[in-house]
Amino acid sequence: MLEIDNLTKTYADGLQALRGCSLTVPGAEVVAVIGPSGAGKSTFIRCINRLVTPTGGSIRLDGTELTALGERGLRGVRRHIGMIFQEYNLIERLTVMENVLAGRLGAVSFMQALLRRFPQADVDRAFELLARVGLEGYENSRADALSGGQRQRVGIARALMQEPRLLLVDEPTSSLDPKVARSILALICELASELGIPALINIHDVGLALRFARRVIGLSAGEIVFDGAPAEVDEAALSRIYGADDWRDAFRQEGEEDRHVAGEGMAS
Amino acid sequence: MSAPATVSPRRWRRPPVIATPWLRWVAVAGVIAYLAFAVVDLEFDYARFVRGVPRGVDMVVSMFPPDFSRWDLLLGGLLESLQMAFFATAIGVVVSIPIAVGAAANVAPKWLYAVCRGYIGVSRTFPEVLIAIFFVKAFGFGAFAGVLTLVIASTGFVGKLLAEEIEAIDPGQVEAMRATGAGPLGVLLFGVAPQVMPRYIGLVIYRLDINLRESTILGIVGAGGIGAVLYNSFARYEYDFSLAILLAIIAVVLVAEWFSGFVRARTK
């Protein structure tokens with residue numbers, strides 16, 4: 001169970017990315033977060049595993065307050081939050097197997113990681129997951145040799161390797177063509193319900209969101225302005241989320257938010 | 001006759017680099033005056049130059065044929081140089097790693113960044129021969145001082161260039177590793193190391209190449225290796241032996257350069 005209460009984030013230069021967002025995801029549920037570029041989707045999802053440090057509010061995962069955790073405690077919680085990225089964020093020069101095993105990086109010792117001596121149980125599980133995402137036989141390929149869809153499948157396997165209690169998914173399909181995008185999204189939703197865990201998916205493609213999610217959150221200018229079933233997303237809801245179609249503004253803000261997230265992500 | 005004759009042609013000249021006329025003339029006059037002062041003060045004397053040329057020719061003539069009769073002395077010095085270079089490179093490139101990580105602004109805390117950048121700055125300020133003079137005074141004549149010199153120089157060189165490589169890595173891969181709950185060492189191992197590894201290998205080979213060259217001259221200030229033999233042969237006017245030593249050094253440097261290029265071309 002994920003409980004987010006009155007979450008706010010103001011970046012160092014005064015940009016208010018989140019203005020009091022509250023959300024409760026009771027159990028295994030695929031939640032799509034939609035909204036115009038710059039609405040704070042990226043910041044929202046990164047506040048949950050604290051890749052971005054929230055300014056205020058509270059986040060509880062299965063009862064654990066995440067905003068109060070120290071470095072060590074935070075790493076312990078992150079180990080059980082799987083994340084899937086828009087640009088896959090694979091370790092390009094390493095093999096597919098090393099990328100999947102990287103999901104266990106928080107659980108193994110430095111020497112085990114250095115010498116790539118992961119526990120046999122992890123290796124077995126990695127092989128299973130590779131088969132499950134349709135990449136059987138690819139374990140020794142280098143990540144940079146794969147196609148976009150294959151890379152995202154490795155990203156999914158890495159996230160599942162963590163035995164996650166929550167999946168955070170940031171624009172999983174924006175770098176993929178429509179057909180591959182659908183299959184990737186279907187796979188993520190399938191796996192989330194198989195594992196019985198909640199998944200939060202940032203997605204700007206409203207069509208895909210309505211098709212795959214069981215619940216839709218609309219984010220606009222850092223506030224949740226819609227929360228309901230896909231069937232309830234009508235023209236009124238969409239205009240509330242996307243507002244006047246001032247797309248030029250929206251695009252400029254997206255660049256701004258990406259920069260903030262990247263800047264904060266590298267620190268500490 | 002379409003153009004009216006009253007319009008004068010518009011002239012154009014490139015605007016001067018220094019816009020203020022008096023400043024321009026002061027700058028030019030200053031440079032000329034200092035050049036004249038330097039020539040006079042250094043007693044650069046044409047007559048002396050003319051007298052020296054035949055003496056130089058005599059010296060070159062007396063170098064032939066090169067004298068390899070004391071090959072044991074030559075080989076001993078050369079082997080010591082090679083040992084110094086290999087040993088110093090082996091230590092230097094390993095010590096460089098923590099220094100480079102500390103000197104990369106995107107992964108190191110500010111205080112550590114300041115310390116490591118400070119060290120790199122100092123070690124790169126002084127030329128090898130100057131550092132060698134200091135270590136010879138502190139630790140006495142011989143290869144020990146030479147090895148220390150090359151270690152310091154290697155850490156400054158590899159540390160700086162590797163740090164710059166680390167600062168240019170893709171932050172997405174680092175973010176993904178942090179999201180798995182990995183500790184700082186795990187993040188370095190999987191998020192950073194694979195991205196900079198080809199560059200690091202190239203730097204190691206390049207530095208070995210440089211250390212081989214440097215190790216041949218450090219002996220001139222008493223820091224061990226073939227340089228001491230060379231210096232002594234000059235002091236005793238044994239120019240034919242000097243030439244033999246020089247030819248041996250050239251051979252080593254050429255081999256080192258070929259090897260360096262060969263390896264670096266294969267680590268892309």
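Glycine is no exception: its Cβ is also placed from the backbone N, Cα and C atoms.
Curation plays no part in TrEMBL annotations; they are all automatic predictions.
Database features, via TrEMBL:
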- B:21-40: transmembrane segment (TRANSMEM)
- B:78-260: domain 'ABC transmembrane type-1' (DOMAIN)
- B:84-108: transmembrane segment (TRANSMEM)
- B:129-153: transmembrane segment (TRANSMEM)
- B:185-205: transmembrane segment (TRANSMEM)
- B:217-235: transmembrane segment (TRANSMEM)
- B:241-263: transmembrane segment (TRANSMEM)
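Sequence-remote contacts of a segment are chain residues at least 6 beyond its ends whose Cβ falls under 8 Å from one of its Cβ atoms, and for the transmembrane segment (B:241-263) they are 63-64, 66-68, 70, 74, 77-78, 81-82, 201-202, 205-206, 208-209, 212-213, 216, 226, 229-230, 233-234. Highest Cβ contact count with the transmembrane segment (B:129-153) among the listed stretches B:21-40, B:84-108, B:185-205, B:217-235 falls to B:217-235 (criterion: pairs under 8 Å). Outside the transmembrane segment (B:217-235) by six or more residues, the chain places 73-74, 76-78, 80-81, 84, 128-129, 132-133, 135-136, 141-147, 149-150, 241-242, 245-246, 248-249 with a CB less than 8 A from a CB of the stretch. If you look at the transmembrane segment (B:84-108) against the transmembrane segment (B:21-40), you find fewer than three C-beta pairs under 8 angstroms, all six or more positions apart, and that falls short of contact. Here the transmembrane segment (B:21-40) has no long-range neighbours, meaning no same-chain residue at least 6 beyond its ends has a C-beta under 8 angstroms from one of its own.
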